[in-house]
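Beneath this line is the structure, given in structure tokens, with notes to follow.
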Amino acid sequence: MGFRKKNKSPPVLSHEFVIQNHADMVSCLAMIILLGLMFEVSAKFAIMFITVQYNMTQVLDEKSEPTNLYQYGPKDVATVFFYLLIAVILHALIQEYILDKINRRLHLSKTKHSKFNESGQLAAFYLFSFVWGCSILTSEDFATNPTFLWEGYPHTHMVFQVKFFYICQIAYWLHALPELYFQKVRKEDIPRQLYYICLYVVHITGAYVLNLHRLGLVLLVPHYLVELLFHASRLFYFSDENKQKGFTLWALLFVIARLLTLTLSVLTFGFGLPRTENHVFSLADGNFNVLTIRMTCLAAICLTQAWMMWKFINFQLKKWREHSQNQASKKKTVSPKSKPPKRETAKGGAANGFVKSEEKTSPRARKAKAS
């Protein structure tokens, strides 16, 4: 893990060396890019990595002040790469100075340890993204009118906050792929994490490239709230297994978020975008409002929501079975089958034809009684 003092130094450029010092190496690479701003020759290349590109000034009225708007383009790949490096550094800082210290106090098993680290990292990211997304929605009035999701499409221009939000989102979920190696994630957990990482990358990048950033932002904010509640509840559960009330609230909000996502998606792709004026596919104008792309996007969202509901139902059934088994085991321990005392068993044995040893007599004794 980066920033951690180790007693034993592994061989240079070995797997263990890279895993232990990956944050330091990434920090050096980020510092090199930042130092490029100091020199005139490299400044124009360094700016491409650090600052948001493709800005333009737009004046709506003569009285109003000019506003800076942004588009997307191929140079955004460099910006995403730089903030991917920043995400790796922040990941190591949270792991080193927060999660590892809590883990030492809790003394968790290996399985719970890995899940605790995963939930800790994701809870911090979901909290930050949820607060940031809410501030954008309130400042831009995205949530006041649902028709704002499709009116004026294609939405090729974005304000700085919206574009930077998407850049950071894509960078974070791309950084999660190498973190599977850096964090030594267990082999049985890798497929599960790969599924949701790839889904995030595909959906967020699709909304960004197809100029559907308004819909994507409105759908991400409630989804991040639900995921934040789940991972926060799991963190409390690992600290104390009796704290499970958060999962009940999460289950309710999870279903509501799925219904909200499906409703807004059907409204946008099924009713809103088909009623707009421009239905001509054009890469230059950023217009993707054609039937094929609309149905593909709607099908992708619906299939993802169905898959999430299937995983949710299986998770709830598993928890219900575990709860019923625990209740059954508690009943057995509280009320065990009571055995009759020894005296009662002795009397019962005599009644069933068994004779006590005291009542048994030998043949000589019977002859003596007869005489």
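All residue numbers here begin at 1 and follow the chain in the order shown.
Quick reminder: no glycine exception, Cβ is built from N, Cα and C everywhere.
Record features, source TrEMBL:
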DOMAIN    114-323  domain 'TLC'
REGION    324-371  region 'Disordered'
TRANSMEM  29-52  transmembrane segment
TRANSMEM  80-99  transmembrane segment
TRANSMEM  120-138  transmembrane segment
TRANSMEM  158-182  transmembrane segment
TRANSMEM  194-211  transmembrane segment
TRANSMEM  217-237  transmembrane segment
TRANSMEM  249-271  transmembrane segment
TRANSMEM  291-310  transmembrane segment
Remote residues contacting the transmembrane segment (120-138) - C-beta distance under 8 A, at least 6 residues beyond either end: 91, 94-95, 98-99, 102, 161-162, 165, 169, 172, 217-218, 220-221, 224-225, 227-228, 231-232, 235
Seg_contact(the transmembrane segment (194-211), the transmembrane segment (29-52)) with at least 3 CB pairs under 8 angstroms, min sep 6: no
Chain residues in Cβ proximity to the transmembrane segment (29-52) (below 8 Å; excluding those fewer than six residues from its ends, i.e. six or more beyond): 70, 75, 78-79, 81-82, 85-86, 89, 160, 163-164, 167
Remote residues contacting the transmembrane segment (249-271) - C-beta distance under 8 A, at least 6 residues beyond either end: 146, 149-150, 212, 215, 218-219, 222-223, 225-226, 229-230, 233, 294-295, 297-298, 301-302, 305, 308-309, 312, 316
